[in-house]
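Pulled from Swiss-Prot, these are the features on record:
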COILED    154-223  coiled coil
COMPBIAS  170-187  compositional bias 'Basic and acidic residues'
COMPBIAS  194-203  compositional bias 'Basic and acidic residues'
COMPBIAS  218-237  compositional bias 'Basic and acidic residues'
REGION    170-240  region 'Disordered'
REPEAT    10-31  repeat 'LRR 1'
REPEAT    40-61  repeat 'LRR 2'
REPEAT    86-107  repeat 'LRR 4'
REPEAT    109-128  repeat 'LRR 5'
TOPO_DOM  1-248  topological domain 'Cytoplasmic'
TOPO_DOM  270-308  topological domain 'Lumenal'
Amino acid sequence: MARANGRSQNLRDKLDGNELDLSLSDLSEVPVRDLVAIPKATALDLSCNKLTSLPDDFCNLSYIVRLDLSKNQIAQLPSEFGRLVNLQHLDLLQNRIVALPVSFAQLKSLKWLDLKDNPLKPALAKVAGDCLDEKQCKECAQGVLQYMKSVQSDHERELQRKLQLDKDRKQRLEAQQRVKEEQDRELRKRMKQQQKERKRRDYNAMQEAQKALNNNKKKAEEEPSENHKPVPTPKEKKLARRQSRLRKIACILLFGLMVALLGVVACRFTDLKTFEVCRSVNAVYKETLSALHSNPVLERFLQDPSSQ
């Protein structure tokens, strides 16, 4: 703090009335904080230094009326330079300025401007003129202010155009978002409906299966199965075994009788009767037939067909 106060005091020593001369001071930056403490210095000379730029807070020195920045290496002015609303005289001779900030149009008090020996853009250089005398510098201030107002208008129109484009883009995005949300709602609704239909089908199928199961169960209860037949008693089992044996014996006897009859028929009515076996069979047949002649019915039935 003491050091800052010391610098401020040094600056005050250079103050002559309302003029503060800091030219040829080998400055590479503007001591803005020290200058703020000297609002009386409405005329500030910073010419012939090593300044390459002005800090943004330099624009807070709105009380400055006359500013000399000639013969430095300043490439551009702060974007808020237009806040120096009391500035009437501005010397920018021999710097490296190419263009002026848009806010320059707000310097409505500016009456005198020198932009000689700067690599200005052609349009700005044409408006600035030569600035060879007092009259031309005043004309320069007037022409440049008019030009910068036009630039400001173009800038504002471009800004409005960009804002409108951003607004339109935002509206399009919002519209697309609404469409997407509506599509998502429809999709969810359709999926929910499909899920509901699937659940209904599953429920109906389950009901049908349960109904069929109940019908089968009821039918099984009404028609006793093989497992529910009454268990036979020992007496019934014995009778069943006896009947089974009798059926087997009857089958064997019937089979034997059929074989015997077939043998008799074969030996009686085929060429086999000449064989020894058939002669024996025929002899037995004749003996049996003779023994049964006493029965008229059997005699007629067993009568030798050859004798008929």
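Every residue, even glycine, has its Cβ placed from backbone N, Cα and C.
With helix defined as DSSP H, G or I and strand as E or B, the compositional bias 'Basic and acidic residues' (170-187) counts 18 helix, 0 strand, 0 coil.
Per-residue confidence over the repeat 'LRR 2' (40-61) averages 97 (mean pLDDT, predicted model). Listed as Cβ neighbours of the repeat 'LRR 1' (10-31) (distance under 8 Å, sequence separation of 6 or more from its ends, same chain) are residues 38, 40-52, 54-55, 58, 66, 68.
With DSSP states grouped into helix (H, G, I), strand (E, B) and coil, the repeat 'LRR 2' (40-61) comes out at 5 helix, 3 strand, 14 coil.
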